[in-house]
Amino acid sequence: MEAAAATPRPRLFLLMLAAAATLVPEATPLQCFCHLCTKDNFTCVTDGLCFVSVTETTDKVIHNSMCIAEIDLIPRDRPFVCAPSSKTGSITTTYCCNQDHCNKIELPTVGKPSSGLGPVELAAVIAGPVCFVCISLMLMVYICHNRTVIHHRVPNEEDPSLDRPFISEGTTLKDLIYDMTTSGSGSGLPLLVQRTIARTIVLQESIGKGRFGEVWRGKWRGEEVAVKIFSSREERSWFREAEIYQTVMLRHENILGFIAADNKDNGTWTQLWLVSDYHEHGSLFDYLNRYTVTVEGMIKLALSTASGLAHLHMEIVGTQGKPAIAHRDLKSKNILVKKNGTCCIADLGLAVRHDSATDTIDIAPNHRVGTKRYMAPEVLDDSINMKHFESFKRADIYAMGLVFWEVARRCSIGGIHEDYQLPYYDLVPSDPSVEEMRKVVCEQKLRPNIPNRWQSCEALRVMAKIMRECWYANGAARLTALRIKKTLSQLSQQEGIKM
């Protein structure tokens, strides 16, 4: 111990210089000496750096050896954790390196820290940290008081005063959206209004999770809304979906009503919000799992879905026109059921728009792909023409045929109905690969089974015919969304159904 204390300071300086020269870790995992890892032969593995330190106090010396993960190397070029430090009564010497077991060394000590401070110096040493801690605590209390932390707790009440300068008292979401569709650009609420709404929403409960993040039920001025919260990793998906929802003239009763998009920074992390209408029945997938449907209910679900897709696919020409849009991820989990028993299409994060003037498609730079179970044959075998917009519309039609099959199975006639199942449930595993789906759909040319009982009911017979014409291997032979909508409209009139 005394010999170590006598080691000159130049050696410590050279060690620190060597540490600074080796701060950038290699790509391969490091094996480091770890004095606490008794079960692993005193060895740990990291993608960052090996670390060793010695802390000297007035009465003892503490040695520490371990791994530092790459994520903890802040800033990257000169991490704080690798810098020596000193506090009253203790001195810590550190060394970081990036070679296997390079931290299996004993750092030199610099001698016991001196405590021989004069009265003035001692007062300054004590008062400085105390003042710093007090100021820091006051600052933290102020920040916490003025921010709404939404992830871990739900506030008891909203602060309506925040939106008064922009949105008058008594204004409802329906009023705002009506004003926007009749007198605005038709491309969504102004950004300031969107931000004002988003920042005065009170989250109530989490109602679902997905690959993008979470969905919450929230309240704005007593009205229920759905809040889709994307993690910061999914910024592209959030931006793309918000962009598509704000396409001119997109609003339609059978497409999920978009309200606002905002990025909310709570001081620790950024959350990306997408606010929309709330539908308590949830997705069509959830609805069909819980309930059977009547013939009328089946037709309403199918016709409203076809109406929403027909509006998406349709191009509206004019100064306030709308480009044709293909969904690319249509499935029962991305269709919501409204209170009146009709559907609206949601989750437009993968959608693509067609510019007819230049005949181009704005395919988003997004790593996500559609759901394998609902992929059309030409998508599965990679024969789809990505430059031809009609190809994407035809793939949507194939997927809608599968959704219709899910709905028709739950149609109860005389108390007889099938259990809810996903398409191809009897032919592929629960999470099929593209190869498994390709073998069934493209090679074996199989499609979901249509029960014989459907032939005894006119409505089910029409539904079965539509499905078959949606499932053709040749995409060009499939029905269009508009044709399906017209066929189902005629069926609803025959059945005396009022939509």
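Heads up, the Cβ atoms here are built off N, Cα and C, so glycines get one too.
Of the listed residues Cys82, Cys102, Cys82 is the one Swiss-Prot pairs with Cys96, by disulfide bond. Checking Asn41, Asn266 against Swiss-Prot, you find N-linked glycosylation site recorded for Asn41.
Within the set Cys32, Cys34, Swiss-Prot assigns Cys34 as the partner of Cys37, by disulphide bond.
Only one of Cys44, Cys97 is recorded by Swiss-Prot as the disulfide partner of Cys67: Cys44. Residues listed for ATP, Ile207, Gly208, Lys209, Gly210, Arg211, Phe212, Gly213, Glu214, Val215, Lys228, cover a largest CA to CA span of 14 Å. Cys44 (disulfide bond) counts 18 other C-beta atoms within 10 Å of its own C-beta, drawing on all protein chains shown. Each of the recorded positions Cys50, Cys96, Cys97, Ile207 was scored by how many other Cβ atoms lie within 10 Å of its Cβ, and the smallest score goes to Ile207.
Within its own chain, Cys32 (disulfide bond) has Thr43, Cys44, Val45, Thr46, Cys50, Phe51, Ser65, Met66, Cys67, Asp100, His101, Cys102, Asn103 as residues 6 or more apart in sequence whose C-beta sits under 8 angstroms from its own. The two recorded residues Cys82 (disulfide bond) and Cys97 (disulfide bond) have their Cα atoms spaced 9 Å from each other. Classification of Cys82 (disulfide bond) by DSSP places it within a helix. Around the Cβ of Lys209 (ATP binding site), the same chain contributes Val215, each under 8 angstroms and 6 or more positions distant in sequence. Fewest other C-beta atoms within 10 angstroms, among the disulfide-bonded residues Cys37, Cys102, are seen around Cys37.
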